[in-house]
């Protein structure tokens, strides 16, 4: 009975956090009312701020609330909300949550690697809509927290997806292993790319489960993988989607979740709530996400279903629908510029029990 109430309380807390936080115009009429709104928002999101920061945070909150209010009064296909990012500046948001400079990491890494092929090149027909969540190939939305590990979350989500598709087994995998251990070309909480992460998983014989190597958002980069037993999920390699081509990207997403990089640094993206995102964003790729489907609204607006790693309270339960099929080849927010996916051709079970190496045992 005690366990039941603990589970119930946890569920209700999550439900409350994921619900929208609404306000009306009367709460914006005076500074006193906005202060009360800010206090209500802090309670809703369990936000604690140091006393010396109170004025600064309130002013930032007021600015963001007014932006949300003005934007939502316009006739746009998406809405904003005062989510948990509402009292941080645009610069702070970019630094903490959209600061993985893909161009910088690409320059350090050099030319793209992989198999050199695109297995979906000859696909001629795809379904009008696909949602890998409905097919059971997507785990629950996760939260990278204050760590620039989006690349690890994007990589893991794509691997979880293809593993489910090939083996009919959905296993939540370890982002923390990538943060701690994939350090030759990626930089933990300082950012990275999905491609070398796919290579790491292949070359190291797979990746641990989240259960055995849980996420803690730390960036000490002390690799514990060799001292942990349990299941390991493997892949065969990875491929790239031809860049700047949404039609080719569509072929890939029709067959599996695909890792992509986007420009997620705009104020509207920071405060996104629901709808098809057509807001301002460039092609300065700074955030790794994964496309888990696509579709079209009743009024004919095409979109990608994109899974983020900022927790379920952001956006549409942790997801954003981004406009698809625009005139620019790069796609909205550069979504077609850096797309890749893991390959796994075998339909045999992909998990195996790993053992602690003898040399590691000796050290324990």
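Keep in mind that glycine also has a Cβ here, set from the backbone N, Cα and C atoms.
Screening 122, 299 against Swiss-Prot annotations picks out 122 (annotated as N-linked glycosylation site).
Segment annotation: Swiss-Prot labels region 'Disordered' over residues 343-364 (candidates 321-342, 343-364). Sequence-distant neighbours of residue 223 (disulfide bond): residues of the same chain at least 6 apart with a C-beta under 8 Å from its C-beta are 177, 180, 181, 183.
Between the CA atoms of residue 147 (disulfide bond) and residue 281 (disulfide bond) there is a gap of 22 Å, rounded to the nearest whole number.
Just so you know, of the disulfide-bonded residues 181, 189, 281, 333, the Cβ with the fewest other Cβ atoms around it within 10 Å is the one at 281. Scoring each of the recorded positions (122, 147) by how many neighbouring Cβ atoms lie within 10 Å, the top position goes to 147.
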